[in-house]
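Trainee: Have a look at this one before I ask anything.
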Amino acid sequence: MAGGAFAPTSGGKEYPGKFTFRVFFTCLFAATGGLIFGYDLGISGGVTSMDVFLKDFFPDVYQKESSVKASDDQYCKFDSQILTLFTSSLYLAALVSSIGASMATRKYGRRPTMMTSGLLFAAGAIVNGLAKNVVMLIVGRLFLGFGIGCANQSVPIYLSEVAPYKYRGALNMMFQLFITIGILIANSLNYAFARLIGGDMAWRLSLGGAIVPGLIILLGSCFLPDTPSSEIERGNYGRAKDLLLKLRDVDNVDEEFNDLVEASEKAKLVKHAWLNIFKRKYRPQLVFAFCIPMFQQLTGMNVIVFYAPVLFKTIGFGSNASLLSSLITGFVNMLATFASIFTVDKLGRRKLFLMGGTQMLICQVVITIAIAMKFGVSGNPGVISGTYAGAVVAFICVYVAGFAWSWGPLGWLVPSEIFPLEVRSAAQSINVSVNMIFTFVIAQIFTAMLCHLKFGLFICFAVCVVIMSIFIYKLLPETKGVPIEEMTVVWRNHPHWSKYFDEDDAKFETSKPKDIASA
């Protein structure tokens, strides 16, 4: 299969390898792990905007919302820490499970961890779908979180290790694509169930429906091989080389295989990855493993994803209309992700980060002005015209598109490709943990921030976009087209980060095991 729109690039060594149906479908099935994260992101906001769900589980919020008139402060009608705990509790569980999953991916492989993620997520869906009280809801959310932590830990690494280096960006971004597909499916189901079924069954079907993406990743993982790096890491050299030959579809993969074995031998010298990752020579990458997921959440995108229906209700949409509006933004989110898939290996990571950040900043400024002019600080919008509401939705869609082809997929791609094998699992766990911490914080405090900061909330996110764009421009080296085991060279040659490396840091500490490589 030809590369087509997946533009190949080169940098450093050039391993032979083709873009084949085998590697495409292997990455495609693995990337379905993004469905569980996306489905949850989309489903929780929609469910918490359903009146019947609020009435059953959060009667105080329902009373407060139903008693708020158009002339009252619209900013504060959903301010409830218990309600936000329903959404955000999942991300604490994901944080905890990602730490355990980092050890599991290294010891048992990437594929078993992916299978575990689907099993845990399906269990959480069952508990939530049958929930009788808030305790059952929270327990179900915790199981969902354990599943998401395992998936977010294992899938991006799996994709980066399986993909040929020339197409690594595009294939890794399929994880984000399936996140957006999961969001779109969740928004569609929320709208359909609320409109066509209603009552308790609407939210039960929405929450219980999470079992489907859970089973997809569980069953799909059963038919996937593990990655060559993972097989080598666990001593299965012959199986790893056979797998690499099939994935690359060439007669000779000795150079890439030798480098993978060499990296594995070096990794075996590192007994405690969690201690070693804080060494000086890993500090440049570690900064990005922390800052990229932090900034990804501080764009404000998850405010839109979590609470789009709530947000749209706040600015004057009815219940069903708010679900429809979030469905529109979900569709835009999915479509825009394709732009990143087809351009990331041609334009590079830095350009997409900066272009997407500029687009988001402009939209945030416009949205802030629009809400400030209509709602002011009182939160009393008066009569809201359809034109005004439609214009706000349009700019939110453009903002969502900017995130979807930049900070969304790149937030998973870049941290998964920049670390050497010996600390890669620990680094991905840090990436997921930071992502979950800030996702939890944003989810937990959003409604309170909206109540107290009013339209100023969007100014805060705009300032964050400016800061993180400057950070990328000054400090991130370009990593497109660089083989994953040659990534250290990129950091050594960067004017700011080169001072963190000694002369021998770019070289492997072991010699190539020729007898294994020729097996």
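Just so you know, glycine gets a Cβ as well, placed from its N, Cα and C.
According to TrEMBL, the record shows the following:
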- 26-480: domain 'Major facilitator superfamily (MFS) profile' (DOMAIN)
- 19-39: transmembrane segment (TRANSMEM)
- 82-101: transmembrane segment (TRANSMEM)
- 113-131: transmembrane segment (TRANSMEM)
- 137-159: transmembrane segment (TRANSMEM)
- 171-193: transmembrane segment (TRANSMEM)
- 205-224: transmembrane segment (TRANSMEM)
- 286-309: transmembrane segment (TRANSMEM)
- 321-341: transmembrane segment (TRANSMEM)
- 353-376: transmembrane segment (TRANSMEM)
- 388-408: transmembrane segment (TRANSMEM)
- 429-449: transmembrane segment (TRANSMEM)
- 455-476: transmembrane segment (TRANSMEM)
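Thinking about packing and proximity, how do these listed features fit into the structure?
Mentor: Beyond the transmembrane segment (113-131), the same-chain residues lying 6 or more positions past its ends with a Cβ under 8 Å from any Cβ of the stretch are 30, 33, 36, 57, 97, 101, 104-105, 137, 139-151, 153-155, 158, 204-205, 207-211, 213-222, 224.
With a cut-off of 8 Å between Cβ atoms, the residues of this chain six or more beyond the transmembrane segment (137-159) that come close are 27, 30-31, 33-34, 36-37, 40, 57, 85-86, 89-98, 100-102, 104-105, 110-111, 113-114, 116-129, 131, 168, 171-172, 174-175, 207, 210, 214, 217, 227, 412-413, 415-416, 424-425, 428-429, 432, 435-436.
Away from its own ends, the transmembrane segment (205-224) comes close to residues 26, 29-30, 32-33, 35-36, 39-40, 43, 46-47, 111-112, 114-115, 117-126, 128-131, 140, 144, 147, 151, 182, 185-186, 189-190, 193, 197 of its chain (Cβ-Cβ under 8 Å, at least six residues beyond either end).
Outside the transmembrane segment (321-341), and at least 6 residues removed from its termini, the chain residues within Cβ reach (under 8 Å) are 6, 42, 45-46, 49, 170, 173-174, 176-177, 180-181, 183-184, 186-188, 190-191, 194-195, 304-305, 308-313, 352, 393, 396-397, 400-406, 408-410.
When Cβ-Cβ distances below 8 Å are used as the criterion, the transmembrane segment (388-408) is approached by residues 176, 179-180, 295-296, 299, 301, 304, 312, 315-317, 325, 328-329, 332-337, 339-340, 343, 352-353, 355-360, 363-364, 366-367, 370-371, 374, 468 of the same chain, each at least six residues removed from its ends.
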Trainee: Select the range from 19-39, 171-193, 429-449 that forms the most Cβ-Cβ pairs under 8 Å with the transmembrane segment (82-101).
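Mentor: By the under-8 Å Cβ criterion, the transmembrane segment (82-101) pairs most with 429-449.
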Trainee: Report, as numbers and ranges, every residue of the chain located at least six residues beyond the transmembrane segment (171-193) whose Cβ falls under 8 Å of a Cβ in that stretch; write 'none' if there are none.
Mentor: 6, 23-24, 27-28, 31-43, 46-47, 50, 155-156, 159-160, 162-163, 201-203, 205-206, 209, 213, 305, 308-309, 320, 323-324, 326-327, 329-331, 333-334, 337-338, 340-341, 344, 404, 408-409, 412-413, 416-417
Trainee: Thinking of Cβ pairs under 8 Å, which stretch from 19-39, 353-376, 429-449 has the most of them with the transmembrane segment (455-476)?
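Mentor: Most contacts with the transmembrane segment (455-476): 353-376.
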